[in-house]
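Sequence annotations record features per position, and here Swiss-Prot assigns active site to 187, 352, 356, 385, 389. Sequence annotations record features per position, and here Swiss-Prot assigns domain 'FAE' to 42-333. Taken from Swiss-Prot, the feature transmembrane segment applies to 21-41.
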């Protein structure tokens, strides 16, 4: 038999129940006072808990890890495992990559021959993670034992014990800390971690969460000849970020941003999307991460999917109305050609954009699809130029750039958007709740006055 389930408010009461209470000697005032208390408790429970971004830091490698283009191309030329065709291919990619001579890689990858080992990757991850966390805790005068939730993410290095356990061990965190380690989630894992932290902070009100995002280059540095796998060597560089979030109302005055929305989209059910970024072995049994030519078109599809869900949450009603009308005219009445369909103006919803620095093609595609200006893409373009593709932490380098430039004002809204293997497209929306001034821990501060710089579309780095 079908039964209808009725949802009732916790403060609802029938006439008979009220009569029973009154006849038992309870006053009307006491009844309504009790109902008011229950109502306030209910409202507090059901009301969305506000989650704040207190602070974050990015990792900046020492100059000894700097890899100028000339050094990198020389290392490639001296690698006897590569043929001339593979060497020329990497040189062409590097020349058009927008990367500068200031990006960094682990010391183990500068040796000839390259030194790939478990001990090397452990040194790399400990260096980036520990330095980022130490900087963040020192900057905010926090004890490691004050952290309630810990989330680490690193796509291609998943040791046992986990990276989160490594952090707990290093900083002697509490035994009851809620810790999570995410692996294999690609460059979109930074926002994914924010989403997980948000859910946990909503459930555990008043808690403090620490997110650490990084990638291990030593693990996936490719030493074969497959072109699709050589791309990662050309684009990925050393980096990490540590992020501090809170759901404690008392932290609002010290917070920089409030989290408004997180939208996550995944297309792993589609084989083409699933395999466009794929860890595999080549014909010579060499392990690497393959990036196929489908990645740009898949990313474009995923971007549309994400923005379709994000739009109604952030766009002004007029902008949404214009989109609906144009969509009807385009699809139903066929007045417009399909390639001239209306694209909502997301600049009406955001003052700033932090795009994942997946590469030159990713940033240019975002610029075209969202009709962004050179100023809009400047934080991501300069991040790619100065630090390279630092994977899941790249969106924090871009936000750090905006802070160093003193562009973040109270009330400003910023969109962080990232793509990752799977295939995923994740976005996070933050609102600045006070004017943000850069401090001494900002890794851009020493040279921010020289930015933005003119980034040539192509440079010649090949000898001879």
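Each Cβ is built from the backbone N, Cα and C atoms, and glycine gets one as well.
Annotated features taken from Swiss-Prot, shown on the structure.
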{"residue": "187", "record": "active site", "Cβ contacts under 8 Å, 6 or more apart": "155, 356, 358, 389, 391, 392, 394, 418, 419, 420, 421"}
{"residue": "352", "record": "active site", "Cβ contacts under 8 Å, 6 or more apart": "376, 379, 402, 407, 408, 412, 413, 414, 415"}
{"residue": "385", "record": "active site", "Cβ contacts under 8 Å, 6 or more apart": "98, 99, 100, 453, 455"}
Cβ neighbours of residue 356 (active site) where a neighbour is any other Cβ within 10 Å: 32
DSSP-derived structure type at residue 352 (active site), helix or strand or else coil: strand
Per-region confidence, the domain 'FAE' (42-333) (mean pLDDT, whole number): 92
